[in-house]
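Each remark here refers to the structure printed beneath this line.
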């Protein structure tokens, strides 16, 4: 890529006077000769002469004149705008004295008559050129028709048009003679949609365009497509047929307009060509009260005509201009946008030019471009065109002839003008250049689009939130880059300083994560300040919801706001402490009041505290006191007193002289009083809630900094330390990377940042976004991981209340904070001070406080008896057993934490049993032994086996991955004592290749030496998934089983893998830490459809044995298994009776029924289970634990159907390469289809 920088107007170019600013060739030679020994000077001089003479001959011919034909005008463009765009172009070249690269002279030819069409001017001038190698460039033209009519002339004379301006997408095609500098109309269309939905947040967006004028048709189709994909639709479309600008019939026009206005669009994207029907539309809009104040959003190509039309419409309607109602996209900054370095340089150059060329421009003010925004914007575009042209002419070798010059323009070119970037440009590529990053057949120019709003008196201002940059790696605009937005509100309550300050900190914390215009998934999260008062907050929110898109509310809220339907509240910070109520649309990420009290009670018990006091100021003081008492009682701590304090009462009079006191419900004056009491009373410990602590953090930090009392102010949090620069927390590291101001390292800022990171994680997984979509994600995924923060379990299931559930809502859970630890204020101020407790995720379950009360004597007896029993256990050697099982119990009994499940299965096991009945018993026994050794090594839990399939649980995702990887390596290096298994696998592949011409055997045709390094013995496929499970204890086996979506997903993952392959879901992969992910080698497989799973699942392949290759995933094979259950280790509700049995299957069924007819159901059950396990026949769920006659009959039919299919295939394939065993001929293809 040629990176041509122009940070100074004369960089690499000749300054005034025409002399090079760098040392001349003669000076360099003299300096070099001076340092050489005398004996070497003559040979070196001769060598230099031989090198320089050819260059001097080239230089003698190097004075080149490049002619530029200025075609930047059109019939609908007022003369002042033509002057502006040409003045900017001239200013760039004049700053170089019309000379580039020291010897390239630029000569600009202007039309003598602007009544002439640009295409005619171009044609006439090119026909006058007799030397077809002389470089001629066209500056312009403007407008789609002029460009289209000019193309034949440009191509005939091999001349390139620079800086042309078009309005429609259809003309932005690959043509090496059209050199676009601006972003294309499709990009501007996407930005108009983005701004409407993400910044204006309009609920109803309309679209206006005319048919028959070759403008707006493609942009309308693009808008409909993009809106639909995002889950939106247009509210009102105005379009009439205006062929070549002729007006549509009046009656038809009015009828269409009435339908359009009835839809009440709040904003209208107007692709109105500069013709009468566009002016008529605006006239009617200006007088229609329904839409007169709707936003008008238009692309840059029609802004000049549209502004004039709208002003005339307002005058006719007697209406005043509304600043901000008219919005336009633009492809370059305004002339007054001095935040850009390039614009600062433009301002200097432009001022100098205007001072010196008053006669040519009729502009007397040197800063005219600062006070006339429309003309100034065009001057900037002209100046950029001149800068690009100067760089394009900067090498004499490129100017040898027209063909060479055209090729040079597409030699992977990019133009950097300070902080404005134009390009990449590329021509026709060879071979796989495009795959390696080359830009091919691209003439499209800038990727930046700006949004500007019209103010009064023709002034404009840039809207920073509208600035958008499309992917530079893509030549043409990709509409899939625009995704449905998450429009969030942060509530500023102007009558509460503390709440407003908290909202400001919250917004600042997420400011680094909201959309910045880098189109893609990182540009989907948007936050808007919502100003209100405490009293009116709920009503104002409902009004805003009726007028604007509101996906979610973040930060401080009032209790009344939480009752607003159809809005999701993400981690709301209530102004007053309240107990959590299950509202499905309210998602708590921070510890709830209940969770905090539970964790703090546990801490107090561990600290040896026997009783505590509480001072509570809240409308729910009684309920809070009851919950605090229950939490303390759970941990054998007593609540000695609970005082209910009125709002405004002095907290100091309620604080005890010593001991521990919960202070719930804080106000600003309370901070100093608590700090004073802590300083005075060395034995006093004060516990506060995290939400209130975060609201008042600055006050607490000021009052307790460098005091002993800081160690005795206590709270609970799930956050990493906001001020720890040596932290291992990924969240905190990322926060510090983007927020350099340490004054903003506060609890609220890092809380907001963590929440923003979570929103980004969610947005990666959903295309459409709405309040319902957002809240459903939490309850569907249950547990969500973002960096090092884990949230969940979220559960909206309504369960039956049980005695040990304190929550009145049964199982429903809308809170998800995990890993909550207890801190002191001293730690908050100094990260090197450790937390008071290790992190814990509270179970939130309580024992019955009235049950089990015993007397002191009984308690002594129990203690003595327990001690004797423990002695006997130790003596009998049971302790080691329980020690070894400790990990198992930890894994199996906690269903509030994600678990990683591993499913394994031997590839083609049925076929192997049929082919090698003498080998497989020992092979399967070895298979079981090796896997169980690994289960023990990695402290996992063997849930169950069915035949040769294992289901394994692990509390550590990394341990699960290590187990799967070592499993493959163990099987590879094990001495199986026979080659029969490998030979069979190769035969299976060869047979399949014969039957399927599209199939390529991955191992059958490998060189034996290569094969031995990659494959050996049984091939086991493995699937890994992480998530929450319903864990149940089997009272018969005394083991644990895992149910739910996680086990099904893990089984489905295994079922699509090939033998020797390890697949892991995105959830499993992302459950690994960043450090753990670096230790494994994976290949991303993209989204994989799984049977029974609504959406494709992102999948990764663990490269356990480097060099192994596999067939495509077994997706079609799984689909053929529709009569089986969702897991290989569970029952099924599908019945074989739902399909007709083949003749072979009927024979088998009849034989089994005859053999088992005299058995009791229990005996038949015992006899049939081995057949089911060996043939992988899932059991119907309806049979239960004890089979009746109908259940036995159903199982017989299932076994018969499975074996019958194998026999039928064997009959059709008598030449199978697999040996016959006991009358059943098995082929690898049947095995693959069945298993």
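Residue numbers in this text run from 1 along the chain shown.
Heads up, the Cβ atoms here are built off N, Cα and C, so glycines get one too.
Features as listed in Swiss-Prot:
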- 1-20: region 'Disordered' (REGION)
- 33-53: transmembrane segment (TRANSMEM)
- 54-858: topological domain 'Extracellular' (TOPO_DOM)
- 63: N-linked glycosylation site (CARBOHYD)
- 90: N-linked glycosylation site (CARBOHYD)
- 97: N-linked glycosylation site (CARBOHYD)
- 362: N-linked glycosylation site (CARBOHYD)
- 531: N-linked glycosylation site (CARBOHYD)
- 566: N-linked glycosylation site (CARBOHYD)
- 705: N-linked glycosylation site (CARBOHYD)
- 830: N-linked glycosylation site (CARBOHYD)
- 859-879: transmembrane segment (TRANSMEM)
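Using Cα positions, the member of the glycosylation sites 63, 90, 531, 566, 705 nearest to residue 97 (N-linked glycosylation site) is identified as 90. Nearest Cα neighbour of residue 566 (N-linked glycosylation site) among the listed glycosylation sites (63, 90, 362): 90.
Listed glycosylation sites: 63, 830. The one with the lowest count of other Cβ atoms within 10 Å of its Cβ is 63. Taking Cβ-Cβ distances under 8 Å and a sequence gap of 6 or more within the same chain, the neighbours of residue 90 (N-linked glycosylation site) are 108, 353, 357, 382, 386. In the structure as shown, the Cβ atom of residue 566 (N-linked glycosylation site) sits within 10 Å of 11 other Cβ atoms.
When other Cβ atoms within 10 Å of the Cβ of residue 97 (N-linked glycosylation site) are tallied across all protein chains shown, the result is 16.
Cβ environment of residue 362 (N-linked glycosylation site): 83 lie under 8 Å away, each six or more residues apart in the same chain. Taking CA atoms as the reference points, residue 63 (N-linked glycosylation site) and residue 830 (N-linked glycosylation site) are 70 Å apart. Here the Cα atom of residue 830 (N-linked glycosylation site) is found 35 Å from that of residue 531 (N-linked glycosylation site). In this structure, the C-alpha atom of residue 531 (N-linked glycosylation site) lies 33 angstrom from that of residue 705 (N-linked glycosylation site). In the three-state DSSP scheme, residue 531 (N-linked glycosylation site) falls into the strand class.
Of all Cβ atoms in the shown protein chains, 13 besides its own fall within 10 Å of the Cβ of residue 705 (N-linked glycosylation site). Across the topological domain 'Extracellular' (54-858), mean pLDDT in this model comes to 93. Its own atom aside, the Cβ of residue 531 (N-linked glycosylation site) has 12 Cβ atoms within 10 angstroms in the protein chains shown. Residue 63 (N-linked glycosylation site) falls within neither a helix nor a strand when secondary structure is assigned with DSSP, and so counts as coil.
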